[in-house]
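J.: The structure is given below, and queries will be raised subsequently.
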Amino acid sequence: MAAKLAVLTVLALLGSVSCQAGYGGYGYGGGNPTPPTPTYPPAPSSPTTYPSPTPSPPAAGLRVGYYDDKCPGAEGIVREAVRGADAGIKAGLVRLFFHDCFVRGCDASVLLQPTDANPQPEMLGIPNLSLRGFEVIDAAKATLEAACPGVVSCADIVAFAGRDASYFLSGYAINFTMPAGRYDGNVSLANETLPNLPPPFADVPRLKAMFAAKGLDTVDMVALSGAHSIGRSHCSSFPDRLPPSNTSDMDPTLAAKLQADCASPTGADNTVVQDYKTPDQLDSQYYMNVINHKVLFASDAALLKSNETIPLVYAAALSPRLWQYKFGEAMVKMGGVEVKTAANGEIRKMCGFINKPYSG
């Protein structure tokens, strides 16, 4: 039954893609990827009360090629900075973009470092303590400031870097244009991370609610979950999935291996790859892993327990090119969450600090 639903889902989504693309393959290479105005479906009811995610208004003022006349070559500078990073850092850049956008929108607030005025910024929030890739953003920013002082925002650099890391990690298969024009935010609070970032133990109703609060739907949620095909996870993120758990449906062979990997020498502080088969490739293998019960998180396994997400998982597994397109589409849509403008943001001189301490 699930396979039949998946085939129907693939056909429906392929019809949607063919109407949108106008190109010779998946991606945004030949079209305009500016996302439509998001809608905000009501959060599903749940027997458990969770902290409410911060609602986000629609994107405004973003366009492809924003820097073409303001700082020619800006996107190329970011891409070259990302190109030189190893696979782990590239995976970190995809995650950095997600974590930035889900807390106060895509405004580079995740980059702000502790100061006397704000000793607890987002980067010190529990979900963000393992974030990586800051040095790539800083290197790109330094080069851009030398070429075009005060023009390219850190928020746009984070968005470009997430796009470019996806491009390289997918073997150039995920290739889309990213609208730009974001300004950098001035507020960054660690205590806003837990209520806004989906936890690894979330079920589908909670995932849907948290994504809907950002203007993202269930298709976006399942597509973006494919980023769990890259990077590593701390063992402390999935203890409920390992023996002697009587609620986990993880493949026993994988569970035994993970239990051994997590047992020593530092236990829960150990890290393991998120995708046991293609750990450094951003691909649709993740969805086969979900189907085969070979995923780390309860939130991953949950996608096979909802009638709404099951056909989407099978569709992504059956049609890698379709998933690549939908992943790029969702990345662009996510990049429009709560965008700052000149009225409520700035173009930082240094990505880790607001401008005021550095103004002359």
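Here the Cβ of each residue, glycine as well, is placed from N, Cα and C on the backbone.
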J.: According to TrEMBL, C148 takes part in a disulfide bond; indicate which of C71, C235, C262 is its partner.
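T.: As annotated by TrEMBL, the paired cysteine is C71.
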J.: Relative to the Cα of C154 (disulfide bond), which of the recorded positions H99, P198, H228 has the closest Cα?
T.: H99
J.: So of C106, C154, C262, C351, which of the disulfide-bonded residues has the fewest other Cβ atoms within 10 Å around its own Cβ?
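T.: Relative to the other disulfide-bonded residues in C106, C154, C262, C351, C262 has the fewest Cβ atoms within 10 Å.
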J.: Using a 10 Å radius around its CB, how many other CB atoms surround H228 (heme b binding site)?
T.: 23
J.: Within 10 angstroms of the C-beta of R95 (site 'Transition state stabilizer'), what count of other C-beta atoms is obtained when all protein chains are considered?
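T.: Cβ-Cβ neighbours of R95 (site 'Transition state stabilizer') within 10 Å number 21.
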J.: Please report how many Å separate the Cα atom of R95 (site 'Transition state stabilizer') from that of H228 (heme b binding site), as a whole number.
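T.: Just about 9 Å between their Cα atoms.
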J.: Rounded to the nearest Å, what's the C-alpha distance separating C71 (disulfide bond) and H99 (active site, proton acceptor)? Just drop the number here, would you?
T.: 27
J.: Least buried of the disulfide-bonded residues C101, C148, going by other Cβ atoms within 10 Å?
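T.: Candidates: the disulfide-bonded residues C101, C148. Fewest Cβ atoms within 10 Å: C148.
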